[in-house]
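Comments concern the structure below.
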């Protein structure tokens with residue numbers, strides 16, 4: 001007997017909702033779930049402390065007005081505000097960062113495996129971009145000025161570059177309490193133990209001496 005159209009539509013909607021939910025942080029089943037830092041339980045996320053023991057400071061962070069230290073090789077600094085800094089963000093599915101860029105500072109190509117990012121420029125100008133997945137590997141770029149906003153889709157490699165002679169500052173919100181970050185160069189060339197230079201030489205189609213020189217930087 002054929003399946004009624006409305007039942008088929010309902011099944012497809014349920015399947016779509018399941019996949020959408022599975023791809024994001026867990027949803028709240030109560031007003032909040034402040035991290036219980038004393039618990040030894042390990043779950044996908046963090047266990048909740050008793051609501052009667054929760055205080056306002058567990059939903060609070062101070063410090064985004066302070067510039068990060070950009071005196072490093074890349075000339076950038078990230079100040080995170082995720083569940084590690086605000087215990088009350090647990091299960092909320094959101095976090096925030098401040099990013100400081102020295103003149104010609106670069107937030108190098110990286111991905112957030114668990115979050116989409118929306119970035120707002122507060123000071124200066126940035127050249128930003130992301131690359132789509134295989135097989136297209138299409139590059140989308142934009143020059144952003146103060147007040148401009150740009151979105152980096154979840155899991156895609158992206159970057160920000162301060163091409164100006166003045167410092168730049170941005171805030172970014174991410175759709176996970178703990179979005180994670182995978183810096184491409186650090187991951188590939190700075191893994192411990194190192195990925196074989198034979199493998200990397202073949203992957204990047206260069207000789208092993210070049211790979212060894214790059215790995216020495218990490």
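Each Cβ is built from the backbone N, Cα and C atoms, and glycine gets one as well.
Because TrEMBL annotations are produced automatically, they should be read as predictions rather than curated entries.
Annotated signal peptide per TrEMBL: 1-23, in sequence order. Marked as disulfide bond by TrEMBL: 33-48. Feature annotation from TrEMBL assigns domain 'Cupin type-1' to 62-212. Taken from TrEMBL, the feature oxalate binding site applies to 107, 112, 117. Marked as Mn(2+) binding site by TrEMBL: 110, 112, 117, 158.
The two recorded residues, residue 112 (oxalate binding site) and residue 33 (disulfide bond), have Cα atoms 23 Å apart.
Rounded to the nearest whole angstrom, the C-alpha distance between residue 158 (Mn(2+) binding site) and residue 107 (oxalate binding site) is 9.
Listed in chain order, the extra residues whose Cβ falls within 8 Å of the Cβ center of the Mn(2+) site residues 110, 112, 117, 158 are 111, 115, 130, 152, 156, 157, 179, 181. Of all the binding-site residues in the list 107, 110, 117, the shortest Cα-Cα distance to residue 48 (disulfide bond) is found for 117. Working note on the disulfide-bonded residues 33, 48: by count of other C-beta atoms within 10 Å of each C-beta, 33 ranks first. For the domain 'Cupin type-1' (62-212), the mean pLDDT of the prediction comes to 97.
Rounded to a whole number, the C-alpha distance linking residue 107 (oxalate binding site) with residue 33 (disulfide bond) is 32 angstrom.
Of the listed binding-site residues, namely 110, 112, 158, the sparsest CB environment within 10 A is found at 110. Within 8 Å of the centroid defined by the CB atoms of 107, 112, 117, the record's oxalate site, lie the Cβ atoms of 97, 110, 111, 115, 119, 152, 158, 172, 174, 179, 181, excluding the listed residues themselves.
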